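Asker: Attaching a single structure in structure tokens format; questions to follow.
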Amino acid sequence: MVLYFHAEKRKRTAETNRVIEERRSHTLRSTPDLDPVDRRNYSSVPAKRLSKMNIFRLAGDMTHLMSVLVLLLKIHTIKSCAGISLKTQELYTLVFVTRYLDIFTDFISVYNTIMKLIFLGSSFSIVWYMRRHKIVRRSYDKNQDTFRHFFLVLPCLLLALVINEKFTFKEVMWTFSLYLEAVAILPQLILLQRTKNIDNLTGQYVFFLGAYRTFYIMNWIYRFFTEPHYVHWITWISGLLQTLLYADFFYYYFNSWKNNVKLQLPS
């Protein structure tokens, strides 16, 4: 009888631990952008702790949202996409589609779901405007936007298949989205170097994208010092690479702002 009681107790404990792990795995995508958690290092951290928001993460989300709003403002009000790379927008669409495969299966919060829907909807909308809108598409300079962006996709996919946290379809796609986002801005930066006339809204769009990355690095640093065992190299390295790509743009952006002159990047 005693043995049966202990066996039942162990069974209930195992079931409880399984439920906790499932809940913890759902919190891995508690932010709409780049903040996956290394589940192997979080066995002792409560699930509530994983989804905790901080000022740097919120600032990152809001600047990312601002970049989208600025671009949509330009397209809707001016009816122009001059200076915007369609190649970069298509890559971002692929990033969000592969990152948010869990949008209809794993509910985290209303905030999380709304942000995912905004980024998915806006990315498809921007690509549609640049390709199909009878007025907006006329301003797209395909002769300058010649970066062969799909050559970035295959290396990122192969890298995700080799280096990932867990070899499942969703995890590989999530990792692929990290690698692809790190380099998705390249066609846009190259187009800006070729374009002699960079308008304010285009400059602000790229600035907010870079600011979003910078705030997320601050978020990782903050969490590293405030949360035990907070280490996940894949996200850190891909995010750092992405931020470094903005360094040259930031230099010329702040110089133009300081000297009150039009933004131009060296060709």
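Including glycine, each Cβ sits where the backbone N, Cα and C put it.
Heads up, TrEMBL stuff is auto-annotated, nobody curated it.
According to TrEMBL, the protein has these features:
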type	residues	note
TRANSMEM	108-129	transmembrane segment
TRANSMEM	150-167	transmembrane segment
TRANSMEM	173-192	transmembrane segment
TRANSMEM	204-222	transmembrane segment
TRANSMEM	234-254	transmembrane segment
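So where do these features actually land, and what's packed around them?
Answerer: Remote same-chain residues near the transmembrane segment (173-192) are listed as 29, 34, 36, 83-85, 87-88, 91-92, 94-96, 98-99, 101, 141, 144-145, 147, 149, 152-153, 156-157, 159-160, 163-165, 198, 202, 206, 209, 234-235, 238-239, 241-242, 245-246, 248-249, 265 (criterion: CB distance under 8 Å, separation of at least six residues from the stretch ends).
Long-range Cβ contacts of the transmembrane segment (234-254) within its own chain (Cβ-Cβ under 8 Å, at least 6 residues beyond either end) map to 34-36, 163-165, 175, 178-179, 181-183, 185-186, 189, 192, 203, 206-207, 209-210, 213-214, 216-217, 220, 263-266.
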